[in-house]
Structure formats: structure tokens, C-alpha cells
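**Student:** Okay, handing you the structure first.
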């Protein structure tokens, strides 16, 4: 068996914390704040909470389909790819997310700044 | 027990199967089909019976099938194939070193190849009372028997979980005569399989069958009395009586045995493409496995897995590539189909068709000209066709235009072009069912000069009612005029072919009271709208049904959702109301305290005669509001498409030129109108004399006091395009001024398009039209004002007070904070 490091997932709590059509925020000390979205179609996505245009907080935008409209200037950002849609150009980093047994997990290495090997997770509410 | 099972028959390998369910038996069948003499097979089953079709338990519960009818493998099958069945004696341990399994009875069975097919376990929500007698799951025949026993006594059943299984259980119990309540955690039923629109239709249908459906409902506790369940209590304190509680919230791969044997497991038992686990002699198949990151809870993937497994153990490896699954709800009379990925996305294209009259919703999702998902409600005849296109990944560009109409239409060769299909219709074919307009009549109308959809609508009424034939009318315009179609009035947004006026009219006419209902009845072409139509619909509905409508936070722009103005750095500014621009030491002290306490970097006097506190974080907003509320201040709605300010001058009380009490009238106007949502922001002013210090003639509604009374001005705007007001009328008393103001506001609220200020609205409609609406019928003005007051009864609430008290707390706080340096602790 090869010794590839297993991905480490951070448990950020139950899916019921975010209503469909809404988003929640997760500040990261020393890193970029993350926005976690729950679409009306029932999908979950995580993005850095910054519009590529003028860094507007995407978490506060209106979620429709699999996109969010930035609250500052109405740029439409894909929740799947982080890319600006329509005629606008730019991209917001996405964070790999999975839902398992009713809980949301984010890929640790994409959340935590720096290199750091996998460690046990710690969340402060 | 079979004594021979410990004797190794010469030349045959021993295959032991843990799990006598659909996966285990199917795998054995596949192996026997390929090489009947290779293995000596022993199957261990936990249930004391032969293998049956688990997915048919719902029809058994509903009384549509008997157990005998759903048996898959009879006792003869085991005998004929020389299979030893050890039923009712579950395996407790796998000893990989000596390659044997040990059952609960102590019986040990050696293996050469071991197949784990343990399936899944129902997930039990660990609320208090979950282990009370009368709380059952819905997984095997024993569960069905328990439900049937309860149903025999009648009474009330609560089903926790509004997914596939839960709804099938609810259906069965309803047919068995119980009064059923379904409690679902998420806002949409079957949210894994359905989008909001289809979920809405399903809910309506189930409710019409007498079930009570409670969504966004979280079970807090299951209550018992005398050792039996009696009720379920929700988070919000609601209690629902229950003689039986069915827990159907989901399943988990059953991995206990595999884990304790040291096999690699994550959510399920990890297998490769040949269904081999981390031990090359141990295979696994079915709901207990995790293949390429996915666990399946449906039956179709199982067949593919079993084929790959059998190919592998008979040395003809093929490999399992994963499955695309589809779902159908087994509830008689409800046609519902879903398959693939319908989450949408930027490179995906939605084709939506809604037929409100037939209760049909169809949505097909395309990516790179290939079908990747489909949701069908009400008409699932083409479900398999879409699923087939999806699995084959066929390029559908040639039939794209006709795809949504189904296989019969799309594969009709030349008819694949909808224009050609319409051209082929006979002259007397009906185009508009609502108004009985034939194709010949529409063509005649177009030839007679109606060169737009709107012109056709007004001249021959085709597509003027429900609008579902709009695309047919458009086709006829194109065929008849050859591409010289005039574009009609702007639609509300690109999700609909209706204009703002159409939508507002139809909301009232059809009595539409929720956003998903509007989208379904008016044939929205997107599943859940866009950032243009959602806020508009939310406003139109709250304006039309002030007493009943529940505000939809997710259809609000950020400022209206957080009741503050977002700034470029993501912080917010807060403007408390100052009635008519008046303030006092207590208010000023409270504002000063807030500025210091929350370290606000700036305070500014606004153009609307109040104070704006800048740089407040969203987390601090409720505390800021609590402090301002404590000093008697309420929201200034400086963020809303709503009544903003009433600017005043000091008037006759102080000013030597003042003719009337302009400050007092301003305060009265503001107290009557604050809190009202409008199509756009709405500003007022009252000036005490024609010198007009309050700048009343660039407001939406302005009062200029004169010696003989009050001049009322409307439609002014100081924004990008400055517009001075038009004089609406002159009145003699304050009461008349107040009443005219309320009536004018209500007319604007009921007629203007969302995001249309009074200035463009007035120019579009004309001052004469507005005067006619207000003054032609002397009763009308009173009725308008009365409707405004009714709306205020429900909507004149301080949103800050509710938030400060903890309402919608989640909007103001972070989910959590991630602190990397703490992780090692």
C-alpha cells in the first residue's frame, strides 16, 4: 500500500445551519474569510468570501441557481468554479467541500494558510 | 445448520457471502452464471428469511403487494444451486489471519474468497426518546410488520424524514387509515432529488391527500408515556401526537464488520473497480461500499457492481465505472422522476417547461450539448428517454429546441424545428386554449399589422391569459413575418416572458401567494429565478397580500436582509430614524455612545436630516440596534426600497416666514408611513413656505405650505437625472394632505414596476392618469389610503427590535472561526 497522505477534512458543523438560498461565513485567522453557500437546489459550495471585482462579500449576495450576485456591483459569480459569469472576467478561489452524514466538511489544506501537515482540527465557535 | 459447510469439497474454492440481501444474492447469481462449478457458496443472513426485493417494501406497506410477491430467491433456488443459507445467524467477526468468519452462534466458516454485502443501516437521529417502543425505522420486513400492527389500531403517525423512503412510508400509512404528519428538516421535500419547484408541487399534492407536511422542522424530542411513544416535539415547541413514529432520515453504509477486521473504510468500505477491498481476498458490493468516493443508496448501481465483481472472481476482469442514478417515487398517482446532476452551473443550460393547467414541471439540464440531469413532475413519460440520453452522453444539439417537448416531438425529423412544427399545423389548430384562438386567426391578426407578441395579445387575445402559448405565437410571428418581429415590451427579467404589469395582474387574478407558486403558474424558465426577479416577486407579493405574505429573506438584497447599508469594505452603516429631522439629547447621547463603544470610524449628517454611523461589522449590528432601541430609536430604513426620510423646515413654530406647522406635519407623515416597502426608495419633505428650504420639489412626495393650505407635489428626484415635481393638487387641511399622501403612495406601490422611482413612473403613466386614478372617483382616494393603512398594520414593525431580540441570529454571526495555531492543542 502506498503511503499517500490522506486528505484531511475540517468538520464545520451540520448542514442545517445554512438555509437553502443563504450563505454563512467562516473567518480564518491569518487567512482569507470563507463563505459557505447552500443553493436552493440543495448543493453546498465554499468560496473565498471576496468578489474578484472589488472584493465584495459574496456571502451577502442573492443566491440563484448555482451562482451568487455580488452585493456591491451585481457581478454574477459561479459557485462551482468561482469564475465571474457573463461579460465580466475574474475568478474567486473555491474550497473543496463535502457533505457527509448531514455535516459539512472543508478540505483543510485549502482552508488553512501555509503548508502545515494534516493535524487534528480545532474550531472555536 | 448445514453440517457439510465445514467440509472443503475437493477442487472447489469456498466463497462466503455476508449478507443475504439483494446485493449478496445478485452477486452469487452473476458468479454462478459465469462459472457454476467454481465455488462452494455459503450465505449468511441476519434476517430469518429468504432474499426479497427490499425496494418493494413500500408497496407491501401500502397493501399493493404481499411478501410472497416480492421474494427474489426462493428456498428452492438455494437448494438447486447447492448454496448453504445460514439465516438468522449474523456474522460477528472476520478473522483474516486464518481466513474464516465467525457467526453469533459461534459457528466458524472458512473462506477462500469473502464477499461483504452488509448493505446499510437506517440512520437514527439521537434525540431523546429515539429508543422508545413505537419508534421504528423503515428498512426490513419486521419494520413493515410493526407499522402494519400500529396502523391496525388507527390513530396518528409521525414520519421523520421527507425523503424518498419517508414519503413512501407516509403514503403507506395514509392508505392504511392513519393520520400522517411528515416532519422534514430541510425546506424542500426530497431535496436530494428535487429542486424547489418540483418539491413545491409534490408538497401540494401530498397535502391534498390529507398529509400534514412540516418542512424546516427540527425534531427536538420524542415523548413517551407508559413506556410508549405519544408525541414528537419540535425545536420551536410544537408537539405532534403520535401513536407511531417512523424514523426515515437516511441510511449509512454498514461498515462495522469490515472496520473491526481492519479493512480500509471511509464512509463505506473502500473498493477498487473490481469491488476488491484493501484485502485482495475480500470483496464487497452494494450499499456498504464506497467506490471512487461515492456511496449509493439505490438499486441500479448494484447490478453493475455485481457484474464487475463476478467478472473479476471468474478471471475475466471488466471493471465498474460508477453509476448514474435515477429516482422515481413509488407513490401511486404521483409521477416524479429525477436523474443526474441538476444543480446547474455556469456552463450548464436549463431548459424548463411548466404547464400549470396540467400541474407539469419539466427541467432538463444540458452541458456541452449533452443531457446531464433531469427533473420531471406530473409527466414522466419521457423520463427514461432523458435518462438514456444522459447515460449515453449523446450530443443533443440537433434536437435541442424540441428536447423539452419529449421524445415523440423531438425525434420527429423535420418537426425538430419548432417553427417547422408550428408551420405544419393546420389553420384551425388551436393555439391559445384559454381564449380559443386558432392558428388561422393568429396569422390573420399578424398579417393585419400585429407585428409583436403584445400586439397579437391585445388584438386577438392569443397568449394574453396564462401565456403558456407565447412561444407558439412567437413562432407564428417569425413564420409569417420572416424575422421582422418587433420586440415587445421588456419582460420582468430573462426568466419569464411576462412583463412587470402582467406579473402583478396575474398575482392578483390567480391568487398567487408564494414565489415558487408564481414561478410555476407563470411558466418561469429557470428553476429558482435570478437576482432581478426574486426581489421583485417578493415585493409584489407582500404588496398584494400584506396580511398573509411571509417575507422571503433570501429574495432580499443584502441591505434589506441586514437592515443596514453595506459599504465597499463589507462593513455596514447604521441610520436610526429621526422623525421629521428632530432629535434630542437622549438620542444624541445614545448615538455618541454607540460610536465610541463600537469604534465607528465616522459619523455623518445625511441629506435626509439624520445621522449615519459608519464602519459597523455585521456581527455587531444587533447589539448596536439594541443600544439605539433602548434610547427609543427605530430603523431609519436608509437601506430599503421603502419610505426613507421626511425632511422638514422649522415652519410656523419658529420661522418668521412660516405659514403652517411644517415640522409637525412632517413628523405625522413619517409616523404614518415609516416601515412601508415600496417599488423603490421613497423620500418626502415638507416646506413651511414657498421659499422651500426643505427642497420639497425634488422629492417623491413634497408638501409646500402656503397661507391658504398645502400644495402637494409628486414625482421629483434629485438623483442622476434631476427632475422637479409636478403639482398634484392643493388642499386646505392637514387631514386632506395626509390622506392624499397615503393614497398616492399606495397607488405607486400597487402600480409601479419594481425598482422604478416615482419620477420615471410618473413620466411613463402621465400626470393626468395619476390624477384620474386619485380624483375621478371620489371614493377611490379613501380606498387607496385604507389599503395603505391595512398594509401598515402588518409591515410597520421595527426590524431592528426583532433582530436585537435574536431573530435571524444566523445572519449576523459566523459559522465558526478557524484558528490554525490552536489545532495542535
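For all residues, glycine too, the Cβ spot is worked out from N, Cα and C.
So TrEMBL lists these for the protein:
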- B:14-290: domain 'FAD/NAD(P)-binding' (DOMAIN)
- B:326-393: domain 'NADH-rubredoxin oxidoreductase C-terminal' (DOMAIN)
- B:431-478: domain 'BFD-like [2Fe-2S]-binding' (DOMAIN)
- B:492-541: domain 'BFD-like [2Fe-2S]-binding' (DOMAIN)
- B:567-631: domain 'Nitrite/Sulfite reductase ferredoxin-like' (DOMAIN)
- B:640-774: domain 'Nitrite/sulphite reductase 4Fe-4S' (DOMAIN)
**Student:** Taking DSSP states H, G and I as helix and E and B as strand, how many residues of the domain 'NADH-rubredoxin oxidoreductase C-terminal' (B:326-393) are helix, strand and coil?
**Tutor:** 10 helix, 32 strand, 26 coil
**Student:** Quick one: average pLDDT across the domain 'BFD-like [2Fe-2S]-binding' (B:492-541), no decimals.
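**Tutor:** Averaged over the domain 'BFD-like [2Fe-2S]-binding' (B:492-541), the predicted model reaches a pLDDT of 91.
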**Student:** Determine which recorded stretch among B:14-290, B:431-478, B:492-541, B:567-631, B:640-774 has the most C-beta pairs below 8 angstroms with the domain 'NADH-rubredoxin oxidoreductase C-terminal' (B:326-393).
**Tutor:** B:14-290
**Student:** Between B:14-290, B:431-478, B:492-541, who has the most Cβ pairs under 8 Å to the domain 'Nitrite/sulphite reductase 4Fe-4S' (B:640-774)?
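**Tutor:** Per the Cβ under 8 Å count, B:492-541.
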